[in-house]
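Participant: My questions all concern the structure below.
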C-alpha cells in the first residue's frame, strides 16, 4: 500500500503543498473540455502521457497530497485510510485506456511517478514506459542490470539488497551471474534511474502533446518534464482535481475524476477500454492495431488555448530549473536537461519469487 511505501521513506520535512481544495468542472464544461482533448489527441503525432498517484485512487490506493492523501493526513495527525494492498489492487479504467491508446498508436510514450506497478500489471509495454521512482514489484541486478518482475512486492525499499541473487547466464553453459539483487524504489535523496529519466526526457522533448493525469507536478525533475514539450512548441493538457504547479503553462486544464475523463475521451475517439484479465508482463510493444475511423471532431468556436485563460502554445516559458524561494525544495535530485538518449534497453527477466 502507498501507506507502507510512504512509511518506508526517510524523514523529509518538505513534501510540498498538501490538502489543497479540489475543483470540479460543471458537467457541460467537462464534456466540452474532453471533446477538445480528443481533438488534440487525434490531431497530434507524438502524444506522451505523464501519470501520478491520482490515477490509482480508484483501485483503493490512496494518493499523497489529496484531501485524504497519506501526507495530508499525516500533517493533520490522522491515520490515512486504505482499501487494498499492492498485490490485490486492480488497474483502473485509466490504466486500461492507456493500454488501448498505445495499442492503436495514439500514445507514443508513458512517464509515471507511481511505484504501485499497475502500469506493468495492466499489460502496458515496458519499452514504452519510464517508471521514474521505481516499481514495488521489480528488483535489479547490481552487476549486470538485469531486472526481474515479480508477482509480489520485493520486500525492501531504498535500492537495498533483497536477499536474492541474479540467475542469468551470459551464455549457454556459463555459470549464472549471481549478482546481488536490489529493489528499484527511490528514497527522497536518491538519483532517478539514468535510463528511465533519459527516455522520459527524450520523449517529452519530442512530444507535440503532453498530457498529465492525476499529478500535482510538485516533484522535480519528474514534474518539470511536461514543460519540455512546451519549450519545443508543443501543447500541454493537465487533468487534475487540485491546482498544479504548472497550471499557468497549460493549454487546457480539466478538473474531473481521471477515470471519468479517460472514459469520455475513449468514447469520443471511438475506442473501447479493454477489460483487465489478470497481471501479465509485456516487455516490448506489439505491432499497432489499426486506428478506428476518424471521429467527428469538427472545430468548435472556443479553442483549447482559451479555456481557463491559459496561455497559447508556443509562448515563452521559464526553464525547468528556474524556481523561486517560495517553492518546495526538490525531493528528487536535479539532472541535466538533455541526458543521453537512445540508451539500449535493459535486460529483463520475469518470474515469480522463489518459494
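Heads up, the Cβ atoms here are built off N, Cα and C, so glycines get one too.
Copying in the features that Swiss-Prot gives for the protein in this structure:
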MOD_RES   2  N-acetylserine
MOD_RES   10  phosphoserine
BINDING   53, 57, 64, 65, 71, 113, 133, 214, 216, 240, 242, 258  NAD(+) binding site
ACT_SITE  133  active site, proton acceptor
BINDING   141, 144, 166, 177  Zn(2+) binding site
CROSSLNK  170  ubiquitin cross-link
REGION    284-355  region 'Disordered'
COMPBIAS  287-296  compositional bias 'Pro residues'
MOD_RES   303  phosphoserine
MOD_RES   330  phosphoserine
Participant: According to DSSP, does residue 144 (Zn(2+) binding site) fall in a helix, a strand, or coil?
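Facilitator: Assignment for residue 144 (Zn(2+) binding site) reads coil.
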Participant: Can you tell me which of the recorded positions 141, 144, 166, 170 is spatially closest to residue 133 (NAD(+) binding site)? Compare CA atoms only.
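Facilitator: Nearest by Cα distance to residue 133 (NAD(+) binding site): 141.
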Participant: Residues near the Zn(2+) site, 141, 144, 166, 177 excluded, by Cβ within 8 Å of the Cβ center?
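Facilitator: After dropping the recorded site residues, what remains is 142, 143, 145, 146, 165, 167, 168, 176, 178, 179, 181.
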Participant: Using a 10 Å cut-off, grab the number of neighbouring Cβ atoms around the Cβ of residue 53 (NAD(+) binding site), all chains included.
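Facilitator: So the Cβ neighbour count for residue 53 (NAD(+) binding site) comes to 23.
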Participant: Between residue 170 (ubiquitin cross-link) and residue 177 (Zn(2+) binding site), how many Å separate their Cα atoms?
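Facilitator: Here the two Cα atoms lie 7 Å apart.
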Participant: State the count of C-beta atoms found within 10 angstroms of the C-beta of residue 166 (Zn(2+) binding site), not counting that atom itself.
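Facilitator: There are 21 of them.
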Participant: Just give the helix, strand and coil counts over the compositional bias 'Pro residues' (287-296), going by DSSP.
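Facilitator: Helix, strand and coil residues of the compositional bias 'Pro residues' (287-296) number 0 helix, 0 strand, 10 coil.
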Participant: Select one residue from 216, 242: among these binding-site residues, choose the one with the most other Cβ atoms within 10 Å of its Cβ.
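Facilitator: Answer returned by the neighbour count: 216.
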Participant: Can you tell me how many other Cβ atoms are located within 10 Å of the Cβ belonging to residue 133 (NAD(+) binding site)?
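Facilitator: A count of 21.
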Participant: DSSP on residue 177 (Zn(2+) binding site), three-state: which is it?
Facilitator: coil
Participant: What Cα-Cα separation, expressed in whole Å, is found between residue 166 (Zn(2+) binding site) and residue 53 (NAD(+) binding site)?
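Facilitator: Their Cα atoms are separated by 31 Å.
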Participant: Cβ atoms within 10 Å, counted per site: which of 141, 144, 177 has the most, among these binding-site residues?
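Facilitator: Sorting the candidates by Cβ neighbours within 10 Å, the top entry is 141.
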Participant: Round to a whole number and give the Cα-to-Cα distance in Å for the pair residue 216 (NAD(+) binding site) and residue 141 (Zn(2+) binding site).
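Facilitator: If we compare the Cα positions of residue 216 (NAD(+) binding site) and residue 141 (Zn(2+) binding site), the gap is 32 Å.
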